[in-house]
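> Feature annotation from TrEMBL assigns active site, proton acceptor to 66. What TrEMBL records for 67, 72, 74, 76, 88 is Ca(2+) 1 binding site. Here TrEMBL flags 35-114, 68-73, 120-310, 198-224 as disulfide bond. TrEMBL lists 62 with the feature site 'Transition state stabilizer'.
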């Protein structure tokens, strides 16, 4: 009883002095009183899953990007299609996304402890952060308090950046969402984890490409001999978050056209060179860019809801 009264007093004090509790905005301590174990639960779900399958780290980071770039960071990527609507996750650009079961696991455990409090959007943001750190990347904190959106439509995914864009197009596409050229190169460094499917790079193999190392081109060709869904790691350390991706670009061994273009363009080449020789600088700029990505067009209060099940609206 004493503890309950103390909690009530603290919550009242937070409301009086203007700390964010509900729709006031994002806060580093958003769940401190309402669900203090939320972050640890997410971390445990992520760590357990990645210990069993380290390749899922790339999936969680990619999920955040594919969520936030469409309709903002509102967990719209998690909504299942219905008979009346085809959702984002069923777009061709999203069919290779992985890690949904990790978000479901964290959400189920959190709902058992703090029902109706923690948004799916916050869980995605925390899971991506924890995946970066688990894989050896930098730790960065993010504010919480995102609400979940109610819209998820396949046609919205046409706004996702294509793997066929050149550096100028990437800078313009990301610039429209408030990102700088430095952010573009730093965020591209997330490709230090994971793989690309042949369908996303085979066009580079059909015509002479002076930006592609001939030996690496042979490697890509062998990969594609197994079909469009055959996978090629972005760099030699596919499960380690490091700066090997940028070293690969210097060797003309970027897998995607949108990767290699960063080294072929003067506006971004210098950043590639900096990150290739200075991993600490890459880590610092990456965590800054990921904070920005995690806060992209978030929904607050009446703009969204706290889903009970991340796959369906309430």
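From the backbone N, Cα and C atoms, a Cβ is placed for every residue, glycine too.
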> Between residue 310 (disulfide bond) and residue 66 (active site, proton acceptor), what is the CA-CA distance rounded to a whole number of Å?
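The Cα atom of residue 310 (disulfide bond) is 16 Å away from the Cα atom of residue 66 (active site, proton acceptor).
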> Cα-Cα, whole number of Å: residue 198 (disulfide bond) versus residue 67 (Ca(2+) 1 binding site)?
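Per the Cα atoms, residue 198 (disulfide bond) and residue 67 (Ca(2+) 1 binding site) stand 23 Å apart.
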> Which entry in the list of disulfide-bonded residues, 35, 73, 198, 224, 310, has its Cβ near the fewest other Cβ atoms, using 10 Å as the limit?
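Each of the disulfide-bonded residues 35, 73, 198, 224, 310 was scored; lowest Cβ tally within 10 Å is 224.
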> Please identify which of 68, 114, 120 has the densest Cβ environment, defined as other Cβ atoms within 10 Å, among these disulfide-bonded residues.
120
> Can you tell me how far the Cα of residue 224 (disulfide bond) sits from the Cα of residue 72 (Ca(2+) 1 binding site), in Å?
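That comes out at 34 Å between the alpha carbons.
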> Which ones, of the recorded positions 35, 66, 68, 73, have a Cα no more than 10 Å from the Cα of residue 88 (Ca(2+) 1 binding site)?
66
> In whole Å, how far is residue 68 (disulfide bond) from residue 74 (Ca(2+) 1 binding site) when you measure between their Cα atoms?
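Answer for this pair: 7 Å between alpha carbons.
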> What subset of the recorded positions 68, 76, 120 lies within 10 angstroms of residue 114 (disulfide bond) at the C-alpha level?
none
> How long is the line from the C-alpha of residue 67 (Ca(2+) 1 binding site) to the C-alpha of residue 73 (disulfide bond), rounded to the nearest angstrom?
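On Cα coordinates alone, these residues lie 6 Å apart.
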> Other than its own, how many Cβ atoms are within 10 Å of the Cβ belonging to the residue listed as 'active site, proton acceptor'?
20
> Go through 67, 74, 88, the listed binding-site residues, and name the one with the sparsest Cβ surroundings, counting other Cβ atoms within 10 Å.
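Counting other Cβ atoms within 10 Å of each of the binding-site residues 67, 74, 88, the minimum falls on 88.
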> Name the one residue among 68, 72, 73, 76 whose Cα is closest in three-dimensional space to that of residue 62 (site 'Transition state stabilizer'); these are the recorded positions.
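That would be 68, the closest of 68, 72, 73, 76 to residue 62 (site 'Transition state stabilizer').
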> Tell me the Cα distance separating residue 76 (Ca(2+) 1 binding site) from residue 120 (disulfide bond), rounded to the nearest angstrom.
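If we compare the Cα positions of residue 120 (disulfide bond) and residue 76 (Ca(2+) 1 binding site), the gap is 9 Å.
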